[in-house]
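These came from TrEMBL, pasted as-is:
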ACT_SITE  B:ASP294  active site, proton donor/acceptor
BINDING   B:GLU143, B:HIS211, B:HIS232  Zn(2+) binding site
BINDING   B:ALA154, B:ASN235, B:ALA236, B:ARG243, B:HIS272, B:LEU328, B:SER329, B:GLY330  substrate binding site
DOMAIN    B:62-401  domain 'Amidohydrolase-related'
Amino acid sequence: MKLIILDHYSQASEWAAKYIRNRIIQFNPGPEKYFTLGLPTGLPRDHPESYHSFMWNNFFKHIDIHPENTHILDGNAVDLQAECDAFEEKIKAAGGIELFVGGIGPDGHIAFNEPGSSLVSRTRVKTLAMDTILANARFFDGELTKVPTMALTVGVGTVMDAREVMILITGAHKAFALYKAIEEGVNHMWTVSAFQQHPRTVFVCDEDATLELKVKTVKYFKAPPQVNRKGCIYATNFGMQPRWQANAHTSAQSNGSS
Amino acid sequence: MRGGQGAAEARVLQFTNCRILRGGKLLREDLWVRGGRILDPEKLFFEERRVADERRDCGGRILAPGFIDVQINGGFGVDFSQATEDVGSGVALVARRILSHGVTSFCPTLVTSPPEVYHKVVPQIPVKSGGPHGAGVLGLHLEGPFISREKRGAHPEAHLRSFEANAFQDLLATYGPLDNVRIVTLAPELGHSHEVIRELTTRGICVSLGHSVADLRAAEDAVWSGATFITHLFNAMLPFHHRDPGIVGLLTSDRLPAGRCIFYGMIADGTHTNPAALRIAHRAHPQGLVLVTDAIPALGLGNGRHTLGQQEVEVDGLTAYVAGTKTLSGSIAPMDVCVRHFLQATGCSVESALEAASLHPAQLLGLEKSKGTLDFGADADFVVLDDSLHVQATYISGELVWQAEAARQ
């Protein structure tokens, strides 16, 4: 596991964004080589706060992705399980997920894999836990009765199949979940803990999210920054590939160390 | 072409690298257009799974709904109140020239005239969609002859009338058929005015109060009968008095029908209204302010002396005088100049200034679903402005109809 601790929410966001960008550039995608980015799913369509609206306004409209290359689980499908199975097939067809980016709930869930979800589960319909319904109430004018109680979600097993997993955790209210996820054992009550058994995980968090961790853990992962020959600041235990600069696309063609 | 069956196959245009006026804010968003209307890109993306056919980079500029001028008496030498043989050409000339001012729709205005003039002119100016040929005609604004003698301003006294005898029938006899009429300005203190106001309102014609000596009570009653607009606030009406605010008092009246917004025209050319007065009105009732040019035929003619009908007019910059005098002859400030002056004089936000020239006139005419807005489904009539609100380009139905010299490649 890599645990990246930044001071504030905005820095954690920026770090994660740059990491994703670097990974895509490094991967060098093309017409026959898809960089498949996985993201957790959610609310039903046709709702102003629907996941489609969320993805459009926060991601798709800012980039030049072709609609054909976006796949969102359809909560209004006639046969929900068939929809889920088809989604798994589409992931396989695209060559598997290269990088899955997600957050965790206060109850330690990844996507909507609520406490008690099988750690080898696949994409399916899930009943939401009260914690999640409460957390989502803000999208429905605070009215609990309006919050959907079911959701389609990728499974823990589905995410485990991704070649790399990045989890974003910010805020003190997530601190306990982070503690359970990385300092305690693998437990289906805290489904994020499953990633302890994934070969390539990155947890990105802010200071507040580390509040429940041992000082020892935090110190280990927050090794003092060092400056390399080129004046780029990096932490020693990143263990990640060399940094790519903003105009990295051209440098990616060369043999690329920076 | 707007909407219709071919719309789904029509080209999708994406205006990018711009700020658009939407929901009262300038948002950093792309504007999508198809079939002459504003398109919802989210629906296009998820339902049709399509991308844009063409992208146009707007260089970081502002995209605002096209301006709507509901009071303009002519321009470029053309006088809408003159019963020439070819009224249509005159209207077409003005319609084309005001595109460079950012105006995409307007209401040609006729001042007090004898019935023969109305009978000849009105049928020759039909409602017409805008396009490369010029701004769209939304309908006529008939200002007078049913106005106050005392407050007639520049209107000819000989042709003033009342509807004392037969109320609405008098009006019909004067104007002729009302098919092309959109707004009528009248003085509510005239006898039978309430009947007339109600009749006009039922026919979907906007009634405006102006050139009047009505007190606040009479004005409020007129609003109850259906009046929704005030013609060039402050001008040609009793001045505001603290014990009887007159028509000006409508801006803050608490005796109006619930939920009704009273709109009022303001000429923000820097001459016809003192900036302090402009600010008072704006602060009292910003939602109702409608920028109008009330432009006369001397608009756009440049400095110097011009003969317009029976009048000799001297143009000096943004002011027009009766030749040889210091008497104001009317407004000649183009709409975009009015918007800039309004912004500077009131210190309001850019969004407010733009809405005063687009959204508010559209709301006045009940057209806010299709005009004066960049909401999905609205007509794609918009202007491209730089940060100082100078018009760089004008679009009608998503088609470029005017472009500034500097912007041409």
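Each position is counted from 1, following the chain as shown.
Positions of Cβ are set from backbone N, Cα and C atoms, glycine also.
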Would you mind reading off the Cα separation of B:SER329 (substrate binding site) from B:HIS232 (Zn(2+) binding site), to the nearest angstrom?
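Distance between the two Cα atoms comes out at 15 Å.
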So, in DSSP terms, is B:ARG243 (substrate binding site) helix, strand, or coil?
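In three-state terms, B:ARG243 (substrate binding site) counts as coil.
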Per the record, substrate is bound by B:ALA154, B:ASN235, B:ALA236, B:ARG243, B:HIS272, B:LEU328, B:SER329, B:GLY330: how many Å separate the farthest pair of Cα atoms?
32
Where B:ALA154 (substrate binding site) and B:HIS232 (Zn(2+) binding site) are concerned, what is their Cα separation in Å, rounded?
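B:ALA154 (substrate binding site) to B:HIS232 (Zn(2+) binding site), Cα-Cα distance: 14 Å.
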Out of B:ARG243, B:ASP294, B:LEU328, B:GLY330, give those recorded positions positioned within 10 angstroms of B:HIS232 (Zn(2+) binding site), comparing C-alpha atoms, in sequence order.
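For B:HIS232 (Zn(2+) binding site), the recorded positions whose Cα atoms are within 10 Å come to B:ASP294.
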For B:GLY330 (substrate binding site), which of the recorded positions B:GLU143, B:HIS211, B:ASP294 has the nearest Cα in space?
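Going through B:GLU143, B:HIS211, B:ASP294 one by one, the closest to B:GLY330 (substrate binding site) is B:ASP294.
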Report the member of B:HIS232, B:ARG243, B:HIS272 (the binding-site residues) whose C-beta atom has the most other C-beta atoms within 10 angstroms.
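Checking each of B:HIS232, B:ARG243, B:HIS272, the winner is B:HIS232.
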Got a sec? Which of these binding-site residues, B:ALA154, B:ALA236, B:LEU328, has the most Cβ atoms within 10 Å?
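Going through B:ALA154, B:ALA236, B:LEU328 one by one, the largest Cβ count within 10 Å is at B:ALA236.
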Please state whether DSSP places B:LEU328 (substrate binding site) in a helix, a strand or coil.
strand
List the same-chain residues at least 6 positions away in sequence whose Cβ sits under 8 Å from the Cβ of B:ASP294 (active site, proton donor/acceptor), in sequence order, or say none.
B:GLN71, B:ILE72, B:ASN73, B:THR109, B:HIS232, B:GLY265, B:ILE267, B:HIS272, B:GLY330, B:SER331
